[in-house]
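Copied from Swiss-Prot, the annotated features are:
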- Ser6: phosphoserine (MOD_RES)
- Leu19, Ile20, Asp39, Glu100, Lys105: NAD(+) binding site (BINDING)
Amino acid sequence: MASSASSTADGVAVVGSGLIGRSWAMLFASGGFRVKLYDIEQQQVTGALDTIRKEMKLLEQSGALKGSLGAEEQLALISGCSDLREAVEGTVHIQECVPENLELKQQLFAQLDQIVDGNVVLSSSSSCLLPSKLFAGLVHVRQCLVAHPVNPPYHVPLVELVPHPETAPATMARTYALMRQIGQSPVRILKEVDGFALNRLQYALIGEAWRLVEARIVSPGDLDLVMSDGLGLRYAFIGPLETMHLNAEGMLSYCDRYREGMKRVLKTFGPIPEFSGAVAEKVHQAMCVKVPDDPEHLSARREWRDGCLMRLAKLKGQVQPP
């Protein structure tokens, strides 16, 4: 049985050793928590621990390691195992990171439901599966929620906390505090909705981007520049609502000034794209000019992206609002 918070307040289990699981393990260790990293195959666990060691050493060398502990101290907090009951013993938080498959996740939470007690939080990393489906029928449903990270989690701190309709307020509060403790930026989604908040905003943006390319209003390359050299720069520091507030004499002033224009433009938005066919091929070819789609080029570009995000995160930490 998972022990109570009072006896082992520093125990966390991460179930799944892929990219998201490894990232969670590193984040929890950066906060001083003992972490058990579980996967069904011991070989997977061993490989994940090796990868974590290499990544932590590189982060320390570049001055980007999170937390007050050194890399070796953090690595000493992370252990691996391939026995689920052993992994969750002595923990107060379990972070599920298995592939985004509803049936697979339901099976895992059904197993966990049988071996935990009333003190542990059961948290899923799902990016879009609704808590009401993930946790349906569980005895410990009041202890369940989704804590959706953003890829790559180590460099992008946002975490969406999404409750099941029966999730206890204390579960949300505990998880919110835990995320803050490990340096993440949790947001409370007050009730479940398909796509949560981040993906609803992301898909709205992608949908209009696709329509603009399909209508030959802008090229795929220039479309990306609109975000990377335009909206994205200010959105890295302030959100769309604060942008509105600052771009006039406050929010009410902005709405008075621009509401009719916004409504006029919004009425011209087209139907949901199919994301296939000739337009998909056109966008693919444009992206391949910038980044060929072979593993070597994609991996190098991801590394560059992660390095940029790491430097941006450091800058944001240095630039505090007035």
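The backbone N, Cα and C atoms fix where each Cβ goes, and this holds for glycine too.
Positions of the features from Swiss-Prot, shown on the structure.
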{"residue": "Leu19", "record": "NAD(+) binding site", "DSSP (3 states)": "helix"}
{"residue": "Asp39", "record": "NAD(+) binding site", "DSSP (3 states)": "coil"}
{"residue": "Glu100", "record": "NAD(+) binding site", "DSSP (3 states)": "coil"}
{"residue": "Lys105", "record": "NAD(+) binding site", "DSSP (3 states)": "helix"}
Packing count at Lys105 (NAD(+) binding site) (other Cβ atoms within 10 Å of its Cβ): 22
Per-residue Cβ crowding (10 Å cut-off), top of binding-site residues Asp39, Glu100: Asp39
Tertiary neighbours of Ile20 (NAD(+) binding site) (same chain, Cβ under 8 Å, six or more apart): Cys97, Ser125, Pro149, Asn151, Pro153
CB contacts for Leu19 (NAD(+) binding site) [other CB atoms within 10 A, all chains]: 15
